[in-house]
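According to TrEMBL, the features are:
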REGION    B:1-36  region 'Disordered'
TRANSMEM  B:47-65  transmembrane segment
TRANSMEM  B:71-92  transmembrane segment
TRANSMEM  B:99-120  transmembrane segment
TRANSMEM  B:181-209  transmembrane segment
TRANSMEM  B:241-259  transmembrane segment
TRANSMEM  B:279-306  transmembrane segment
TRANSMEM  B:318-337  transmembrane segment
Amino acid sequence: MTTSAATSSATPRAVLETRGVSRTFGVVRALRDVSLTLRAGEVHGLVGENGAGKSTLIKVLTGFHQPDTGALTLDGKSVTFDSPRGAQNAGVCAVYQEINLIPERSVADNIFLCHEPKRFGVLVDRKRMLERAAEIVQRYRLSVDPAARLGSLGLGAQQMVSLARGVSLGARVLILDEPTSALSSAEVDVLFDVVDRLRAEGIALLFVSHRLSECYRLCDRFTVMRDGAVVRTGTPEELPRAALIAAMLGRESSGEHAWTERSGSADTADAAPALAVDRLQWGNRVRDVSLKVARKEIVGLAGLLGSGRTETFKTIFGAQKADAGDVDIAGRALTHATPARSIARGLAFLSEDRRSEGIFPRLSVGENIVASLLPRISRFGFISRAKEAQVVREAIERLGIKTAGPNALITTLSGGNQQKALIARCLSTQPTVLLLDDPTRGIDVGAKEEVHRVVQELARDGLAVVVTSSEMEELLALTDRLVVLNEGATQGGMPTAGANPDDVLAVLAGDANDSRDVSATRDVGATRNPAGADKA
Amino acid sequence: MAINLETNEERLSPSTPPQAPQSPRSPQSTNPGGGGAWRTVLREHSVYFALAALVVFNLIVTPGFSNPFAARSLLFEAAPIVLIALGQNLAIATRGIDLSVGSVMALASASVAVFLPYGIGPALVGSVAVGALVGLWNGFLVAVLAIDPLISGLALLVAARGLAQALLGGSRVNLPDAPAFDLLGAGTVGPVPIIMLIALALAAVVAFVVRRTTFGRYAILVGASRGAAFLAGIPVRRTLFLVYAVSGTLAGLAGLFASSRLGASDPNYVGVNFELDAIAASVIGGTPLSGGRISIVGAVFGVLLLQVLDASFIMNNISFTYAQILKAVFIVVALYLQRSGA
Amino acid sequence: MANVTSSNADPTAAPAANRRAQLIALVQSRGAIAMLVVVALIAGGVFPDFLRPSNLADIVSNSAFLGLVAVGQSLVIILGGFDLSVGSMVGLGTVIAAYAAPYGWGAAMLAPVAAGFVIGIGNGLLIARARMAPFIVTLAALLGLKGLALVLASQDLLIANPGFFTRIANGSIFGISNLIWVLVVVYGLGAVLLNHTRFGAAIFAIGGNEEAARMLGVRVERVKVLAYGLSGALAGLSGALLASHLDSGLSAAGTGYELQSIAAAVIGGVLLTGGVGTMAGPLAGVLLLGVIDNVINQVGTLSPYYQNLASGAFLLAAVIVQTVLTGRRGAARAGGGKAARRSAAAPARS
Amino acid sequence: ASAYAQDSGAQKVQSNSNETCTIAKPGGKKLSDMVVGFSQSENEQNPFRATETASVRAAAKAAGVKRLLYTNANANQAKQVADIESMINQGAEALIVAPNDSTGLQPAFAQARAKGIPVVTIDRQTAGTVCDDFITFLGSDFYKQGERAAKALADATGGKAVIAEIQGGYGNTVESQRTDGFANGLKAYPNMKIAAAQTANWSTTEAQKVMEQILLAHPDVNAVYTHADTMTVGAITALRQAGKLKGVTIVSIDGTKEIVNGIAQGTVAADVETNPRFGPLAFKSLEDYLAGKPVPQKQIMDDALFDKTNAKQSLAAGKVY
Ligand SMILES: Nc1ncnc2c1ncn2[C@@H]1O[C@H](COP(=O)(O)OP(=O)(O)OP(=O)(O)O)[C@@H](O)[C@H]1O
Ligand SMILES: Nc1ncnc2c1ncn2[C@@H]1O[C@H](COP(=O)(O)OP(=O)(O)OP(=O)(O)O)[C@@H](O)[C@H]1O
Ligand SMILES: [Mg+2]
Ligand SMILES: [Mg+2]
C-alpha cells in the first residue's frame, strides 16, 4: 500500500488554506471557525460524523457557498471564490458527494464542459474532444465509452467520470467528497492509483470518506470535524483508529470493525423460503438470477460494479417488469408485481439512489417516513393523524434520526440521517423481506453500526434480508452468506463465516475469467496487482 | 437512470438549490433576528396583505367600491375562477399543470344548451359530466400515455373550444328562465352569491382532502419526487389520473356557473384566458409551480386578489392598455417580494 | 446530435440493444421530419394543388415568422425554461419597426431586435437572478408587452415610406423568397450555436441538471439571461420581418405564437423537461403546423371551429406518436419501465 | 343582375364613388367557369361574420361559380396573407377578401396582381392601390356609424346624458373609428358626457362584467353606447341584474335580431345597421368587372337605423340577421 513516503520529512508548501471559516444556515451552524491547510503533494483526510460539516466546508472551498466569516488563501494570497467557476479557474476542483453531472449528455461532454477544446476560437472541436476524452478514460482505466450518454452508466462509473473531469481540468487542488461510496473495491483501487499519481505530481488533495480503512491507506494527514468545528488534526501516526473515532464521535466507540458476528440462525428448515427468485430476467441487464432467502437470514448480493445488483432488486420488487422468471414470497407467487403490490405482500426496497428515488424533497421527515404506510394508517382514505405521529415518533427514536423534529424538512438533514429516515420508511410497512441496495452508502461509522444493529435485529425477529454493499468487508461481516452476481447472472454462493474479501474476489475473478468480459478481469487484476495492471 | 431529478425539474419554478429550502415549515428558514421574523411572516402571507392593502386602497380611492354590490359582483366573477384554481392547484402540486380548464368551461357552457332539450336536470348534470369526461381524457393522456401535461393541456385548450363552438354552430344560445339558473346566476345569501358559497365549500373540501386523505398526500408526494413515489408504492398513475379528472370536473362546474351568470351558453367567450388567471392566482397564493406543495387558502385569496385588481382598473376607468401593463407589473412585483429576502 | 462512436467502443458490444437505442434517439430527433414528409405526401396525394412548388414555397416562407420564434423558444426550453412573451414581442416588434421605418430600413430592422433583446434580458434577469418562475415572469411579460404595443399603436400603423424595408420580406434572391433564406440561415446558426459552441453546451448542461451545471463551472445566470435575450431578439426579428411583410405595425400580430412555438418545439422532439433537443426538429414542427393550416385551407369547407378541433387533435396525435415511439412512456413511472430500459440499452462498457 | 337570390335584408348601396375601375382587356371569362376564393378574417363567433360567410356562399352558388374556396384567418393578419396565397396556389381566379386589418395585405395583393386576379374587398377598408390591388371596396362607414349612434343617443335622451361606452377589441380600426365617430358626433351636444369607456373585446361575457363594474363606479350613468350587439347583450344582462334597465338608454351598432327585438320591446333605443350580406354585391361587382363594365371604387352601404319607429316592421320583413 502506498503511504506518505515522501512527505514526512519536510512540511510541503501550503496551497489552499482556510482561516476561521464559519457558515450558518438559518439556525444551523454548519461550520464554526474552521481552519484547514491543504499542502502540495499531500492527501488530506477529512473525517467526521454525518452532518459534521464536511460537505459544507468543501462547498465553501469551491465557492458554492460563501463563508459568513473567515478567509481563504491560495498560495498565501487571500482569495474569494464567488462561484464554483471562479474556484475552478483558480485550479480548485471538486468531485462532489452527490454526483453532479449532466445525465443526458455524453461522457466527453461532461468531462469537458466549460473547457471544451476549440476550433477557430469559437467552435467546439468535437473530434478532438472525443479523442482527448478517450485518452483520459484510457489513462485512468475507466471502461466507459466517451460518446455514451452519461445517464446510461452506473453510479460508480459516473463517479469515475467526475474524477476524470477533475483531473482533465489540471487542478492544483482536487477535492474528493466521498468518492468511493459508490465504488466497488476494484474501482476503488483504480481510484487510489489515480490519487497516488496525482499526489506524486504535487497536487494537493482533500479526501472525505466514512471508510476509515481507506483513509488510513491513503491519507498523509487528518482533520477531524464534529458539529461544524475542527476537533483534531494530525498524521495517521498521531491519530490511530481508536483515537480518530473517539474524536469523531466525541466518545469511545466499540470500534469500526466490531461487526457483531452473525450467529447463523437462519430458518432454513422452513418449508418455503421467505423469498425465492427463479431464473429472473430483465432485458440484457438481468439475465439469469436465482436465489433463495430464508426467514432470519441475511444474504449478501456480491458483484462488481454494474453486475446488475440494482437491476435485480428492482426487478424483484416490480419497479421494472420482469421478462421471465418467478418470484415467490413465502411460497406464494408474486405475479404482476408493482412496488405497491410488492409492499402489500411484505417486500420492502431501499434504493441506492437516495436523491432521486428516495427522499421527497420539500416534505418533512415525518411525511417522508410514512409515505409507504399511508394505506395502513388511514381508513376510507382518511389519514389518522394520531397514528401517523406515533409511527414517526417511534421511527425517529428507534433509528436515532437526528432532526429538529418530525416536521423539519428532510433536505435539512445530513445524508446519513436522510438514509436512516428512508430505512425507517422501509421498516414502517413491517415487511417480511427486506431488499437493501447499499444501505450504508455515505453514512458515518456510528450510523453504520446502528444500521447493522437494526438489520441484524430484524433478521433475528424473523425477517429475510438481501443486502448489497460496495464495501466487501462490511458485506462479509453483516451477512450469513453471499450470492455472487456476474453480468446479471447468479453464480452460486459462499458462506461468509471465516471468509475474507480476497476469497470473494477469487470467486468473482474465476467467474469473470470464464466469461469474455475483459474489463472485469482487468478490474480484478488491478485489485490484486496494481503494478501489473499498470502495464496492461 | 437519471440522477438529480430534483434539480432537473426545478424548471417550472425558482431554481432554489435543493440544500437551501425556503419553506415555512423549516424551522431553520426563519431568521433568528427579530427584524427578519416579521418580514418572513409578511412574505409568507403576502397574498393576504396584498389583498388587504388593495381593498383599503380601493375603498379610499375608487368610487363605488364601498358599495356592497361591488363585493357581490366581484364574488360572482370570482366563483368560477376559484373552482378552476382548485383543480389547477392539485395539478400543480403533482408538478403538472392544466391548461385546458378555460376551454373546458366553454365546452361545459355549450353543453348546457345541448342538453337543455332533455330538461334542466340533465343540462346541469350533463355540463359537469362533459367537464369530467375531458378531465378523464386529460388524465389518461398524462397518467397512462405519459404526455407532458403542458402539451396535453395545450391540445385540449385548442380542441375543446373548437368542439364547444362546433356544438352550437359558433353562436351564443340564451338559456330559458328557470329557477335553477336564476339561483346559480343571481342567487345570494346576504351579499354572498350562492355560487361563491358552493365554490368555497368545495375549496374547504379540497383543502381537507389535501391535508387529511391519502389521495391528497399522494398528489403532493408525486409532485415532490416522481421516482421516490413510484418506489414507495404510491399509485402514481391513479393519482395523476384522478387529479386531472377532478380538475376537469371542477372546470365543468365552473362553466355551468358562468353560463348561469350570463344567462346563456357562450362557447366563444366563456373561460377565455381563465387558465392563466388560475395559474397566476395559485402561484401568488403560494403553490410553487415545481410541485410538492399546495396552498388552497392562498389560491382562493389569489383569485380574489386578481379580481379586485381587474375591478380597480375598470372602476377607475383606466384604459385597458394601461391596465394590462399595470397588471403585469403587479404580478411580477408581488412574486418578486415573495421571493426576495429569503 | 453527434453520436460519434469512439475508437474505444467495442463494436461487438450488445449490438441489438445499441441499435434500439440509436433508433429511439433517431425517432426523438428526426421523428418530426419523417412525420412532415409523410403528412406532406398524403396531402399531396389528396389535394393535387398541395405539391405545387409555389404552394410549398409559400408554406415555407409564411412559416418563417413562427420559425424564428421557435428557434429562441427551443433554446429556452432546452435550457429548462419557457418564453411565453414571444407572441406579444412579435406584435410589439412590428409596431416598433413601423415607428423606426422613417429612419431607414436598417433602423426598422434593428430597433425591434434590440428591443426584443433588452426585454428578453429583463425576463432572464428576473428568472435567473431573482429566481422567479419562468412561466410567471414571461406570462406577465406577455400581458405587459401586449399592453405596451397597444399604447404605442392603438390603431394599425401603415408604414409611411415603404421603399426597401418592405422589400426585405417580400423580395427574393435566386427565385427563392428572402424569408426562406432568413429561416435557413437562422436555423443554421442556431444549430451551430447549440451543438458547436460552449454556449450551446452550457444550455444543454443547465437544462440537464442546473445544480450540477453550476458546480461544474457553468455561468448559469449569464447563460440563462443571454438565452432569454436571444429568444426576445429572435421574436423582435420576427416582428421586424412581419412588419416588412405586411407593410405595417400591428399590435395584434404574433398572438398565439407563444403556444404554437412551444408546440412546434415539442413536436420536434425538444423535451419540456429540458436538456434534450435539436434545431432541425423544431423547424420540422413549425413546417408541420404550416402544412396543417394549408391542408385545412385546401379542404376549404371546414368551418373554423373544426379547424381548431383538427389542429388540437393533430398536435395530440403528433405528441402521442412521439411518446410511444421513443418509449418515453415509462418516464411517468420514473425509475421503472421503458425509461430505465432505454438507459440500460445504451452502449455497454467494452 | 338579379341572378342572386334576393332577400329583404339585402344590401343597398347608398353612395358609389365617382371613380371606377375597368378591366384592361376583358378576357370574356365568365364567373361560371371560375374558381373564386373567399378569405374571411375572423372567427364566425359573431353573427355578423356568420351571416357574411353564408351570404358569400349563397351568392357563389347563385352565380354558379365552378368552385368556391374558403379560408378563415382567425384574426391573424399574417395567416390571412398565407390563406390568400394558398388559394391562389389552388387556382383561384377571383378573390373576395374581408380584410382583418386596415393594413397588411400587400404581399397577397401583389401575388394576385401578378396573376391578374381581381380582388373585391368587403366590410373593412384596407390599404392598397385601388384598381391595382383591388377593384372595389364594399362596406359601411364605421366612423359615420359612430356619429349616427351619437345622434340617436342624443335624440333618445334629449341631449343630456352620462354615458358608458363599451368598446370593441383594441388595436382594430373598427373599434377606433366607432370610438372617434361617436366622440365627434357628441361634439354637437355639450350636455352629453362619457363617464367611462372600457373595452369588452367584442365579448358578451366581458361586456357584462365591465358594465357591472362601471355601474358601481358611476351610479349616475344613464346611457350606454356599445360598439357591437354582442356586447350589448352582456350590458343588458348587467343592467337588468343591477335593476337599472329601465332608466338607461342604450344605443348599439350591428342590427342583429336579438337587439332589434330589444328595441321593439323597449329595452334598447336604437341600433345602427351594419349589413353583412355582401355576397350578391360582391359577385355582381366581379361580374361587371369581368364583362368590361366600370365598377365604382367604393360602394358604401345604405345602413338602416333601427329604432322604435321601424323595429317591428324590420323584424317582420326579415331585414335583421
Ligand atoms: N443548505 C442548507 N440548509 C440548511 N442546513 C444545511 C444546509 N447544508 C447543510 N446543512 C446542515 O449543515 C450540517 C452539515 O452538513 P454537511 O452536509 O456538511 O455534513 P457532512 O459532514 O458532509 O455529512 P455526511 O457525512 O452525511 O455527508 C448538517 O446539519 C446539515 O443539515
Ligand atoms: N455496463 C453497463 N452498461 C449499461 N448500463 C450500465 C452498465 N453498468 C451499469 N449500468 C447502469 O448502472 C445502473 C446500476 O447498475 P447495476 O444494477 O447493473 O449495478 P450494481 O451492481 O448495482 O452497481 P452499483 O454499484 O453501481 O450500484 C443501472 O441503471 C445500469 O443500467
Ligand atoms: Mg457530506
Ligand atoms: Mg447498484
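Every residue number used here counts from 1 along the chain in the order it is shown.
From the backbone N, Cα and C atoms, a Cβ is placed for every residue, glycine too.
Within the chain carrying the transmembrane segment (B:99-120), a Cβ under 8 angstroms from the stretch's Cβ atoms is held by residues 80, 84, 87-88, 126-128, 130-131, 134-135, 138, 149-150, 152-154, 156-161, 163-165, 167-168, 173, 175-176, 178, 180-181, 247-248, 250-256, 258-259, 262, 265-275, 278, all 6 or more beyond its ends. Here the transmembrane segment (B:181-209) touches the transmembrane segment (B:279-306). Their Cβ atoms form 3 or more pairs under 8 Å, with each pair 6 or more residues apart. Contact between the transmembrane segment (B:71-92) and the transmembrane segment (B:47-65) is not supported, since fewer than 3 Cβ pairs fall under 8 Å when only residues 6 or more apart in sequence are counted. Here the transmembrane segment (B:47-65) has long-range neighbours at 284-286, 298, 301-302, 304-305, 308-309, 311-312, 315-316, 334, meaning same-chain residues at least 6 beyond its ends whose C-beta is under 8 angstroms from one of its own.
Sequence-distant contacts of the transmembrane segment (B:318-337) (same chain, six or more residues past either end, CB-CB distance under 8 Å): 43, 46-47, 50, 280, 283-284, 309-310.
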